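Notes for the one structure printed next.
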Amino acid sequence: MLSTTHLLDIDDLSTEDVHTVLDRAAALKAGEDDTRLAQQTLGMIFEKPSTRTRTSFETGMTKLGGHAVYLGPDDIHLGHGEPIKDTSRALSRYVDAVMARLFDHADCEELAEYADVPVINGLTDEAHPCQTLADLLTIREEFGFDTRVAWVGDGNNVGQSFVLGCALVGIDLTVATPEGYGMDASVLDRAAELGSAPELAESPEAAVADADVVYTDVFVSMGEEDEREEKLAAFDGYQVNADLLSYVSEETKVMHCLPAHRGEEITDEVLESDRAVVWEQAENRMHAQNGLLVELLTDD
Ligand code: CP
Ligand code: NVA
């Protein structure tokens, strides 16, 4: 049982909640927990494309004995005249939970405000809490939480939720972002409130010193295509490549939420190397979300 009904960002969960979800996820992954969501349905709204989020939630619901309904941008009236509050109230009469990938975070909040069922953020322009749960599960499996992580690149949705997640579980995080592309001040303040704000490094090289994990994400996120040239210029020197990894131990792992833009934020060489735990992260999306769904939808 969690202290929240909805997951709009990772800090809707308490530290105890995060551990509860990750413990449940690990037990489900190991086949040691047979809790099921029989006859339960997850509605999945997508305003943006997705490989992992869609497939991991859909197969996750199947494995849990439930069902998922894909509601893409051309499938429903949302975005074509029906307001969010009406979509939310109608869906609540059919499904047991809603997962939504939307542009505007405020839309996700409105969806939750009018829903009678749990709403899970499957990525907005500000946050990606389901990714953070998978990231924390992966880090816990590889290193435990007494570890040091460097975030190198954009202060975007994935990074911002990750900052809050690290604060919740006590991971020592350092962040290197180019000027003008840092995390929102409100996120850094919130992290401080939750436990500790990340250390802000002057450069990627300074950030990765002593890191057990180097984490990056695309420089140009979905919806930012018009800023492409400007952003690529601003992110010069922030690529995770062999040169940057020459500053860390050979044991240091590399994380990326995917999809990756090889040759931009990360090289093909690094992504294809033994350092990358990106497929473990991708698999853990499903296990982490299954843990979350079971905790949100059952009393077991
Ligand atoms: N990491 C992630 O959310 O991937 P998708 O965009 O493929 O869902
Ligand atoms: N920051 C990326 C994450 C994709 C999963 C984006 O928003 O496009």
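In case you wondered, yes, glycine gets a Cβ from its N, Cα and C as well.
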Completion exercise
Checking TrEMBL, the member of Asn157, Asn241 that binds L-ornithine with Asp217, Ser221, Met222 is Asn157
Practice task
According to TrEMBL, Ser50, Thr51, Arg52, Thr53, His128, Pro129, Cys130, Gln131, Cys257, Leu258, Arg285 bind carbamoyl phosphate; identify which of Arg24, Arg101, Arg228 is listed for that same site.
Solution key: Arg101
Practice task
Please check each of the binding-site residues Pro129, Asn157, Asp217, Ser221, Met222 and report the ones with a CB atom less than 6 Å from an atom of ligand 1, ordered along the sequence.
Solution key: none
Completion exercise
Record-annotated carbamoyl phosphate contacts Ser50, Thr51, Arg52, Thr53, Arg101, His128, Pro129, Cys130, Gln131, Cys257, Leu258, Arg285; largest Cα to Cα distance in whole Å is 16
Handout entry: DSSP-derived class (H/G/I helix, E/B strand, else coil) of Met222 (L-ornithine binding site)
Key = coil
Practice task
Looking at L-ornithine and its recorded binding residues Asn157, Asp217, Ser221, Met222, figure out the farthest C-alpha pair and report it in angstrom, whole number.
Solution key: 12
Practice task
Please spell out the DSSP helix, strand and coil residue counts for the domain 'Aspartate/ornithine carbamoyltransferase carbamoyl-P binding' (6-141).
Solution key: 62 helix, 22 strand, 52 coil
Exercise for the section: Under 8 Å Cβ to Cβ from Ser50 (carbamoyl phosphate binding site), same chain, six or more residues apart: give me those in sequence order, or none if nothing qualifies. Expected result: Arg101, Gly122, Leu123
Handout entry: Distance, Gln131 (carbamoyl phosphate binding site) to Ser221 (L-ornithine binding site) (CA atoms, angstrom)
Key = 15
